[in-house]
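J.: Questions regarding the structure given below will be posed in turn.
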Amino acid sequence: MTAPHTAPARVAVLGGTGFIGRVLGARLLAQGAEVLSLARKAPAEPAPGRFVAFDLSNGDPAELTALLDRERIDTVVNAAGGMWGLNDEQMYQANVVLTERLIEAVAAMASPARLVHLGTVHEYGMAPVGTSQRESDPAAPVMEYGKLKLAATEAVVRAVEAGRISGVVLRLGNVVGAGQPGHSLLGVMAAKLDAARAAGETAQLSLQPLTALRDFVDLTDTLDAVLLAAADRSAPPVVNVGTGSASTARHLVELLIEESGVPTEITEVPAPDGTGPETEWQQLDVTVARDSLGWTPRRTLREAVRELWTAQSTAPVA
């Protein structure tokens, strides 16, 4: 049996070309780990470590088992999945089927790796304003993405409780940091501010009310939690990772404008009918992360937004 606290040395990152996966891979490399980045297709920019194109949502788990054994992988991080640009069936394949096949692949390894699966706060669904969601609270998501992520989490938990694998699900808040996806609200706003900066113009931003409160968490803090969860096999099966406080997306956009220093004119626009948020409130209780992993959020949302802006404004022009 692997010691409870063993730093990962040979790590496979599914979704290794994505927002979290790419930065995680780079950090692992910097810490001396060997990294195998896996994704459906080769990225435009090289992924951290060695890259292998592998679409597990349509692939054979036995092939992945053979690859993981051959690479002597001791930790697998599932940063794959998603919702943007996908229909319900594609989301099911990318989130549920992929996770089930990953569990099968890891369980069949000659020396099964530790699995760290990245879940989401959206698995909780509706929550009363002012409350903090605990891992033991009933999860009742309304939106399809939350339902599918919950199904993936439940598959991991079942496998852990049955002794098939050593694993943990990190239920992440809304992660903010360098490399923010361009289709996200902050990614879109950062791109518009950067375009105005480059042109020497005033940025013109149209903003909906954005009054729903969310638990946003810094990317670097998130990576800290991933590494701690990978190293500690005694952690409980589900652990929340967030700041433990709720903020509006509007607040983060305002922080982004301040950090950019770009003159900005804001036009207030109503939200389209039928596009309201799943819930007006998300706030994670992170007590379990503190007690089981020794993790607490250290960085402010301003620091997270600052890193987002620095990465956006210094990126080479495509």
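A Cβ is built for glycine as well, from the same backbone N, Cα and C atoms used for every other residue.
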J.: With Phe19, Ile20, Asp60, Pro61, Asn95, Tyr145, Lys149 listed by Swiss-Prot as binding NAD(+), identify the candidate in Thr120, Thr131, Thr202 belonging to that site.
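T.: Looking through Thr120, Thr131, Thr202, the residue Swiss-Prot assigns to the NAD(+) site is Thr120.
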J.: What three-state class does DSSP give Tyr145 (NAD(+) binding site)?
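T.: The three-state answer is helix.
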J.: What's the number of neighbouring CB atoms sitting within 10 A of the CB on Thr120 (NAD(+) binding site)?
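T.: Other Cβ atoms within 10 Å of Thr120 (NAD(+) binding site): 23.
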J.: Near the Cβ of Ile20 (NAD(+) binding site), how many other Cβ atoms are there if near means within 10 Å?
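T.: Result for Ile20 (NAD(+) binding site): 23 neighbouring Cβ atoms inside 10 Å.
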J.: Near the Cβ of Lys149 (NAD(+) binding site), how many other Cβ atoms are there if near means within 10 Å?
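T.: Result for Lys149 (NAD(+) binding site): 29 other Cβ atoms within 10 Å.
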